[in-house]
Structure formats: C-alpha cells, structure tokens
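TrEMBL has this to say about the protein:
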BINDING   Arg61, Gly86, Asp159, Leu160, Glu186  S-adenosyl-L-methionine binding site
Amino acid sequence: MAAATGPDEADEAVRGTCEDASVCKRFAVSVGYWKDPYIQHFVRQAKERKAPEINRGYYARVHGVSYLIKAFLQKTQCNSQIVNLGAGMDTLFWRLKDENLLPRKYFEVDFPMIVARKIHNIKSKPPLSKPIMESHSGDSLLIDSHSLDSSRYSIVGADLRSSSDLEEKLRKHSLDIHLPTLLVAECVLVYMTPQQSASLLKWAASTFPVAMVINYEQVNMRDRFGQIMIENLQRRHCNLAGVELCSSLDSQRERLLGSGWDNAHAVDMMKVYSFLPQADVKRIEALEFLDEKELFEQLMQHYCICWASKDSSDLGLANIDF
C-alpha cells in the first residue's frame with residue numbers, strides 16, 4: 001500500500017486527476033470521437049497516444065452525462081441553473097451556448113488553484129472570453145484571479161468539503177435557490193470521505209426545492225479488478241477516500257436516497273454505452289481497432305452514472321432516464 005500522505009499532498013494528487021481527464025478528453029477529440037473546439041484552449045495535446053478503451057470510455061462518459069444534462073434542461077425549458085462541482089477544465093458552458101441550451105446561470109466550482117488556471121486561460125483566449133461577454137448583460141463583469149462572475153457564467157474557488165463555504169460563495173455569485181437546480185459531479189465525490197460527500201448531498205437536497213444531481217464515478221470496486229484500480233491510484237498518492245460507497249449500483253443508489261433525494265438511479269457504463277445512439281457508436285468504433293474487448297468491458301463495468309431528483313413543482317424530473 002502507498003505511504004500515507006498529508007492533506008496537502010492528497011489534495012495535490014486529486015488536482016492532478018483534473019489534468020489527466022482533460023488530456024484524455026483532448027486526445028479523444030483529436031482522434032474524432034466527438035467535437036469540442038474549446039478543450040484545446042485549456043490543455044496541451046497528449047505526448048503519447050491513449051489506449052482505444054480509454055477513448056471509448058471517455059466518449060461514453062461525455063455523452064452519457066450530456067444526455068442527462070440536456071434532459072434536465074428540456075424538462076425545465078432552460079429556466080434553471082447548473083452547478084458543476086469539481087468542474088476542472090470542463091467546456092460544457094461553451095458547448096451548451098453553441099447549442100442554444102444555456103440555463104439561466106451556469107456555475108463551476110473547484111479548488112482555487114484550478115480555478116485560477118482556468119480564469120487565466122479564459123482571460124488570455126478570445127474564443128473562450130468572447131462567448132462569456134456575448135452572454136453577459138447588466139453591470140460590469142467581475143473577474144479576479146480566483147473568481148469570475150458574469151450574468152450567465154460563474155467560476156468559484158471553494159472547498160466542496162465545506163457546504164457552508166460553498167453556499168456562501170455561490171450566493172455571492174447570485175445562486176437562486178428557488179430555481180430548478182442541477183448539480184453535476186464527475187469523479188469528485190469518491191475523493192471525499194463518505195461523511196463529507198453525504199454532507200454535500202444532504203445540503204443540496206435540503207437547499208433546493210426542485211433539483212437533480214448527476215454523479216459519475218467508480219462502482220463494483222470490491223472485486224479484483226476494482227482492487228487493481230485502487231492500487232494504481234495509490235501508487236500516485238491518490239486515495240479514493242469514499243470508495244466504500246462505490247461497492248455496487250445499490251450502494252450508489254442508497255447513498256443518494258439516504259441523503260434526502262426522492263428517487264435515485266444508477267447504471268454502469270457498459271449499459272450507458274449500449275443506450276447511446278448506435279449509428280454514432282458504430283462510427284467511433286471504426287476510428288481505432290480495439291484489441292482488448294474484455295478489458296474495455298471490465299473498465300466500463302467499474303464506472304457508473306447515478307442520478308437523483310426531488311421535484312416539488314412536478315416538472316417530470318423523476319421520469320428522466322436513458
């Protein structure tokens with residue numbers, strides 16, 4: 001087992017996962033798995049090729065999460081807000097704007113250090129800053145090294161392990177608790193202790209009367225393959241503090257129901273892959289030869305998308321499904 005690491009070192013290792021994910025996404029985009037004209041402005045091109053099973057995994061993740069987000073925006077007719085937790089270098093704001101699907105406001109939250117880097121990129125690259133200016137109305141746009149606030153897009157540096165700190169900062173940036181709210185967490189909760197993630201999920205369920213949460217992360221982590229995944233991350237001083245909640249699809253559903261959400265679903269990524277539009281799946285499967293079919297399936301069975309909602313306005317959030 002890896003040597004114990006201090007809190008700062010552990011946080012640094014988690015910040016490193018943001019870089020890894022962005023580099024993998026940029027590589028998959030460069031091969032043609034999906035279109036994202038914005039990611040190149042945030043992250044360097046990978047020095048070496050990524051394995052086809054990794055590229056297909058990211059394809060399923062991006063499309064699966066995006067499908068649920070768009071279903072939420074459709075149900076709320078974009079009269080809603082999105083809070084992207086641990087957003088890293090995610091480009092969803094720009095892609096939604098291109099599709100005319102922006103919610104009333106889009107918030108991103110991450111470690112202050114990651115936020116500072118993202119803001120630096122936005123300030124120095126017109127393809128990123130222009131869409132923010134175009135969607136902005138009203139008073140002057142607020143921007144400093146650790147936060148950006150426009151009328152439609154906000155980036156906040158905060159620690160997700162403290163719900164009170166998070167809420168205070170979001171409210172400063174005009175979070176409206178009465179608007180239907182979608183919270184998105186991709187490989188975020190697993191780096192928090194079960195108590196910390198429960199507190200975040202309970203805060204969200206008790207703060208917003210109409211809300212949905214999407215969580216993408218590991219599952220089935222008690223088997224041999226899951227153990228190898230954990231050991232590989234530990235070698236890089238990356239500790240999955242919340243991995244006990246990733247033991248099964250049931251444990252993922254139960255954690256959401258136990259945190260005050262009214263209904264919850266969890267589906268492994270192999271299932272999600274089979275639900276995606278099959279003509280496009282055929283197209284991407286022709287991009288690269290996949291030698292390790294079994295490895296791909298095992299990987300996909302160890303990640304899942306979970307989502308839950310509470311809907312006092314009867315918008316039909318409970319019916320959202322693949």
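Just so you know, glycine gets a Cβ as well, placed from its N, Cα and C.
Note that this is a predicted model, so its numbers are computed, not measured.
Note on Arg61 (S-adenosyl-L-methionine binding site): other Cβ atoms within 10 Å of its Cβ, all shown chains, come to 23. The candidate set comprises the binding-site residues Asp159, Glu186. Of these, Glu186 has the most other Cβ atoms within 10 Å. Cβ neighbours within 10 Å of Gly86 (S-adenosyl-L-methionine binding site), excluding its own Cβ and spanning all shown chains: 22. Leu160 (S-adenosyl-L-methionine binding site) counts 21 other C-beta atoms within 10 Å of its own C-beta, drawing on all protein chains shown.
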